[in-house]
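The compositional bias 'Basic and acidic residues' annotation in Swiss-Prot covers 125-138. Sequence annotations record features per position, and here Swiss-Prot assigns compositional bias 'Polar residues' to 139-153. Taken from Swiss-Prot, the feature disulfide bond applies to CYS29-CYS38, CYS54-CYS96, CYS66-CYS109, CYS100-CYS109, supported by similarity to another entry. Feature annotation from Swiss-Prot assigns region 'B' to 49-77. Positions annotated as region 'C' by Swiss-Prot: 78-89. Among the features that Swiss-Prot reports, region 'A' is placed at 90-110. What Swiss-Prot records for 111-118 is region 'D'. What Swiss-Prot lists as region 'Disordered' is 119-153.
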Amino acid sequence: METNNNLSTQLFKCYFCDILKLKMHKMSCIHLLYLVLCFLTLTHSAAAGPETLCGAELVDTLQFVCGDRGFYFSKPTGYGSNNRRSHHRGIVDECCFQSCDFRRLEMYCAPAKQAKSARSVRTQRHTDMPKAQKEVHPKNTSRGNTGSRGFRM
């Protein structure tokens with residue numbers, strides 16, 4: 001009886017090993033498939049290089065790249081090291097009609113704002129801003145004085 005029990009145990013172990021090997025083989029194939037897909041995706045995106053960005057996609061990308069600094073659609077005069085370009089060219093010319101990369105996008109970001117103390121902001125607010133003057137519009141006297149009488153035409 002003990003030999004019969006050993007035989008069934010060995011058969012179970014062998015059957016279990018076969019199932020485990022089959023599952024391992026399937027899992028390896030799935031992992032290999034994922035690895036190949038990842039490789040192809042990365043290779044394709046690396047080969048693509050700079051992209052063209054237009055419209056809302058360009059604005060969203062600039063907001064992401066520049067963050068709280070904000071951005072310009074055209075470079076300020078004298079901004080950047082390449083002065084041979086016309087100052088009329090803007091981000092749309094460079095990134096929508098042609099391809100541009102991250103560094104090109106970053107050139108259109110506004111400079112970082114420097115933190116000011118609360119006192120300097122308060123002082124600046126009172127000294128730098130002129131008082132709003134009321135606009136005085138003269139009365140229209142071209143029709144003449146009609147008094148309280150209403151004229152019909």
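Glycine residues also receive a Cβ, built from the backbone N, Cα and C atoms like all the rest.
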Rounded Cα-Cα span from CYS54 (disulfide bond) to CYS100 (disulfide bond), Å: 11
CYS100 (disulfide bond): tally of other CB atoms within 10 A of its CB: 21
Tertiary neighbours of CYS54 (disulfide bond) (same chain, Cβ under 8 Å, six or more apart): VAL92, CYS95, CYS96
Number of other Cβ atoms within 10 Å of the Cβ of CYS109 (disulfide bond) across all protein chains: 15
Local backbone state of CYS66 (disulfide bond), from DSSP in three classes: helix
All-chain count of other Cβ atoms within 10 Å of CYS96 (disulfide bond): 16
Cβ atoms near CYS66 (disulfide bond) (within 10 Å, other residues, all chains): 17
